[in-house]
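Per Swiss-Prot, these features apply:
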type	residues	note
COMPBIAS	87-97	compositional bias 'Pro residues'
MOD_RES	Arg134	omega-N-methylarginine
REPEAT	166-205	repeat 'WD 1'
REPEAT	209-247	repeat 'WD 2'
REPEAT	251-290	repeat 'WD 3'
REPEAT	296-335	repeat 'WD 4'
COMPBIAS	370-381	compositional bias 'Basic and acidic residues'
REPEAT	408-448	repeat 'WD 5'
REPEAT	470-508	repeat 'WD 6'
REPEAT	526-559	repeat 'WD 7'
Amino acid sequence: MFPFGPHSPGGDGSAGAGAEEPTPHEGQAAATGPPSPLHPGADATHPPPPARSPRRPGAPSLSPAPRSGELGLPGAPESSTASAPGEPSPPSPPCRRPGPDCRAKSRGRHGLGAGLGGPGARLFGWLKERSLGRGLFVDPARDNFRTMTSLYGSIHPADSVYLSTRTHGAVFNLEYSPDGSVLTVACEQTEVLLFDPISSKHIKTLSEAHEDCVNNIRFLDNRLFATCSDDTTIALWDLRKLNTKVCTLHGHTSWVKNIEYDTNTRLLVTSGFDGNVIIWDTNRYTEDGCPHKKFFHTRFLMRMRLTPDCSKMLISTSSGYLLILHDLDLTKSLEVGSYPILRARRTTSSSDLTTSSSSSGPRVSGSPCHHSDSNSSEKHMSRASQREGVSPRNSLEVVTPEVLGESDHGNCITSLQLHPKGWATLLRCSSNSDDEECTCVYEFQEGAPVRPVSPRCSLRLTHYIEEANVGRGYIKELCFSPDGRMISSPHGYGIRLLGFDKQCSELVDCLPKEASPLRVIRSLYSHNDVVLTTKFSPTHCQIASGCLSGRVSLYQPKF
């Protein structure tokens, strides 16, 4: 396992019996001075050493010192280098502590090494490399990341499935099952398709899954998944019984655009163009539906996401605002409807923030009037929590993300994704005139402040890139890779793989002081129409993309 000689850690000390190393008897015979009066177990105290005069590096000592690499043996007589009683002892070379892989039996009578060029030096070199974080013994995933980067760098279009626009329409969303065994396709013409991503074989078509466009698909586990549609409903499905729906959920009054799921509480969270965020208790679902409650309301709602640990909820709007609910508690908010406003950043005026009395939550609007619930929510903030420096639960932050090169205030945030480890958020923004598009990465700063107004924003722009301005009026869904090191973004008639640097490092390892461009790792073009959605497989080195003309393409490494 280790490229060492017979004295490597874990090796047998007897295997090196023929090596030319001094034995304890030879070392003892070489000693010329009287033995030290101190012996193991003696209770004596060394006097404090006096100030030493400076000595040139490498100057010879008064008595021969042991060779580099030799360690003293317990119970062996002291050499002549020991000073007489009452005299200060010269400083001894520091003893290096053996690593955890060194076993006691390998420390036999030869010690750990016998010189600078012996196996001991190689051992200490290996320990140094390991302490610096190099090699598989510290972080095996580092080499795995290098391998994945190499694989994605050699990725090519592997297969494609053409879906007739007459029967299926455009591809609006793609979603893999958590185990990567099923790829689901949300189609424009009321259908959901299921494929085997490994063989590219069609498994099942859920004809008339909805009565209008299917917008989003979300897996709850390896067998249950949910779909939402412009028909204002959400449907639950079971992969083991696809002939009928598990149940249909009614509660929205307009197009339902995306679905989130809290695995800890088993609560389903949906959002739609009616401005409502609704929570569904899937623990008590029946054929007629399941209990639900309006959790939040805001105007111009586009997308809603939960962080991986479900500690934050992010909501993007077509007016350029990003709403962040900190210290999220979905279960508590079913009874408590107060949302203290922590801060408003880069808003046009203080009157832009109002609270909807029907949902007891603040919303962004152009109305100059305030509802009384906004002031009452601040009164409900615990004074004790303010004194102790603790933010209230479900506290709201309103942010206008900084976009480099924006010509006018207020960009439409059309797509919203979160880093798999919750470090950052990924936004795709378009200008008000719809003539510019860009992808931006924002790092989450420290937790939300306690004071209602703070000069610091919790999001910081770290990376950005300009996108192709094609397919106006359609939302382009981008995504992070499962490890969070790469981004797959629709780009014209294909996709681009983007990284934070050329080595595809993790975000925390390459955070710039100022916003810097994303690096293009690879560009892939295999469609004949505008790509609307793309997705990484959670288990395989595979990417899927879907376009406006109904074509689904799969990308895999090719050597």
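Just so you know, glycine gets a Cβ as well, placed from its N, Cα and C.
Across the range of the repeat 'WD 2' (209-247), the DSSP-based residue counts are 0 helix, 20 strand, 19 coil. Remark: secondary structure over the repeat 'WD 7' (526-559) totals 0 helix, 18 strand, 16 coil, with classes taken from DSSP. Helix, strand and coil residue tallies for the repeat 'WD 6' (470-508), in that order: 2 helix, 15 strand, 22 coil [DSSP]. On the 0 to 100 pLDDT scale, the repeat 'WD 5' (408-448) averages 83 in the predicted structure.
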